[in-house]
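These come from TrEMBL:
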- 1-24: region 'Disordered' (REGION)
- 85-109: transmembrane segment (TRANSMEM)
- 115-138: transmembrane segment (TRANSMEM)
- 150-174: transmembrane segment (TRANSMEM)
- 194-215: transmembrane segment (TRANSMEM)
- 222-239: transmembrane segment (TRANSMEM)
- 259-280: transmembrane segment (TRANSMEM)
- 292-318: transmembrane segment (TRANSMEM)
- 338-362: transmembrane segment (TRANSMEM)
- 383-403: transmembrane segment (TRANSMEM)
- 415-437: transmembrane segment (TRANSMEM)
- 458-483: transmembrane segment (TRANSMEM)
Amino acid sequence: MSDTGRISSSSSTSKDGMDLEKATSKPELINEAQALEDMNDNVPRDKFAKLWSIVMFLDKYGVEARGIERVPPDQRTQTSPLAPFWMWLAANMTISTFAIGVLAQSIFFLGLKEAALTIIFFNLLCTLPVAYFSTWGAKLGLRQLTLSRFSFGYATAQLPIVLNCIACVGWSIVNSIVGAQTLRAVSTSHQIPTAAGIVVIAILTIVVSFMGYRVVHLYEQYSWIPVVIIFFIYLGQIARFTESDFGGSGSVEAGNVLSFGATVAGFALGWTSLAADYTVRMPEDMSSYKIFFWTYLGLNTPLILVEILGAAAMTTFVQKPTWEDAYNGNSVGGLLGAGLAGPMGGFGSFLLVLLALSIVANNIPNMYSLALTFQNLHPYAQAIPRIVIVIIGSVIYIVLAIVGASHFEEWLDTLLVILSYWLAIFSTILIEEHLIFRKGKWSNYVPGDFNNWRKLPLGVASFLALGCGVAGAILGMAQVWYVGVIGRMIGDPEFGGDIGFEMAFAFTAVTYPPLRYLEKSWWGY
């Protein structure tokens, strides 16, 4: 019997898993919301009966009702292996990705060659776990943070759950700010208020995230097309003005390369905590190699090319000082506007509006996955309909984005690096648990046990390993507000070089296996 076959049969041996399967796998149950209501999974949906009545109504019109509940094998209708490619191509073919490249010169003072090599290396490395985790969604039918319970245990999993909620909101904030800045750059005389731009982007994000999985994939399948055309036009406008020899030298530059690498890593690793969310409706017999390959290609194509484009744009200031003024006035939006609206007039302004709205493709997975992450906190959180959490989360990030609009680059760099620290720890624990303790076999998981803390790891091993990983990150980090002992030894003694995510990975990788072995010997799971 294949591993996928054993998953289905083993899940039915669990009472919770069996009830879940019975409640949701009958072909005649077309109304997904009603199927969720009928589940015997100890989730108190009756406490939010009025909200669920709205969900049942919307379900008739294609709004996804399912949250973190497992998608049964016979309801996996997404049969194209290209789906992850389009998903991640669109989500990263945005001005947020461009903004990462901009940081190479504005924060780390790297030349184009150094920036390009750093971008290529760290993206190729740090998208590996994203592509790997994408294969898990199809095999187990569970969302990414739900899957983390099989490694972290029910209680300790609360830590990555909370951190991912913060990350989803944080990303939505910085994305909305850069989108609003770009909308402001459309005109120098009649500029749209930053707050208005943020609200416009948020509303468009809500519409798609609200509808759910199928509409998210449908939107992402096509939204990248105008964006890639505009980026090629922008490349044509700036190519003759770029410089490649700017940058430092020696140990100082080495420190800056590592620090910029941590920033690039934070952006790439940022998708690890969401990856499986977008493959749960793919058949469990879909080739893992195909899912991995198309996800990996879909991530790296835009990440590498658009980040390098952003780094290249920052080298044009020697020949185009007016573009530097535009950047100083409207940050990333001003830089894009200088290359489009400036030389191309009204048509360039139109292209800039489309480019600003590309941010929606990046915000959608953040808001969609925020709701799924939040539902993992507690059965009461799971009982709140997904669509309600999407709306509440959107209101929160709109307010915070308006307040923080004047601190974009500082927020972006800090968020990215902190993300690289904890996501290195998160990825290491999940991968080691799967390969070492579950022997890489899907038959060693009982998907229906995701809500049963007694059938999950105790969580002590993951908690201690996480603490060791944090200690490693502190030793290796190099931020404006703190430089670690080891980080200070690299590059400029004042600013150091950031190897926090590498240290976090190493400390976690070394400590988790022996701790988990002891825990499993005593606890049994």
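Each Cβ is built from the backbone N, Cα and C atoms, and glycine gets one as well.
As a quick check, the transmembrane segment (259-280) and the transmembrane segment (383-403) miss the bar of 3 or more Cβ pairs under 8 A, pairs 6 or more apart, so the two do not touch.
Highest Cβ contact count with the transmembrane segment (415-437) among the listed stretches 150-174, 292-318, 383-403, 458-483 falls to 458-483 (criterion: pairs under 8 Å). Below 8 angstroms of C-beta separation, residues 115, 118-119, 130, 171, 174-175, 178-179, 182, 216-217, 219-224, 227-228, 231, 246-248, 256-257, 259-260, 263-264, 267, 271, 278, 294-295, 297-299, 301-303, 306-315, 332-333, 335-336, 355-356, 358-359, 361-362, 364-365, 409, 412-413, 416 of the same chain, each at least six residues beyond the ends of the transmembrane segment (85-109), sit close to that stretch. Counting Cβ pairs under 8 Å that are 6 or more residues apart, the transmembrane segment (458-483) and the transmembrane segment (150-174) reach 3 or more and are in contact.
As a quick check, the transmembrane segment (222-239) and the transmembrane segment (338-362) clear the bar of 3 or more Cβ pairs under 8 A, pairs 6 or more apart, so the two touch. Below 8 A, the CB atoms of the transmembrane segment (115-138) and the transmembrane segment (292-318) form 3+ pairs separated by six or more positions in the chain. Residues 96, 202, 205, 270, 273-274, 362-363, 366-367, 369-370, 373-374, 376-377, 393-394, 396-397, 400-401, 404, 408, 411-412, 415, 419, 422, 426, 429-430, 433-434, 438, 445, 450, 453, 456-460, 462-463, 466 of the same chain lie 6+ residues outside the transmembrane segment (150-174) yet bring a C-beta within less than 8 angstroms of a C-beta in it. For the transmembrane segment (194-215), the partner stretch with the most Cβ pairs below 8 Å, chosen from 292-318, 338-362, 383-403, is 383-403.
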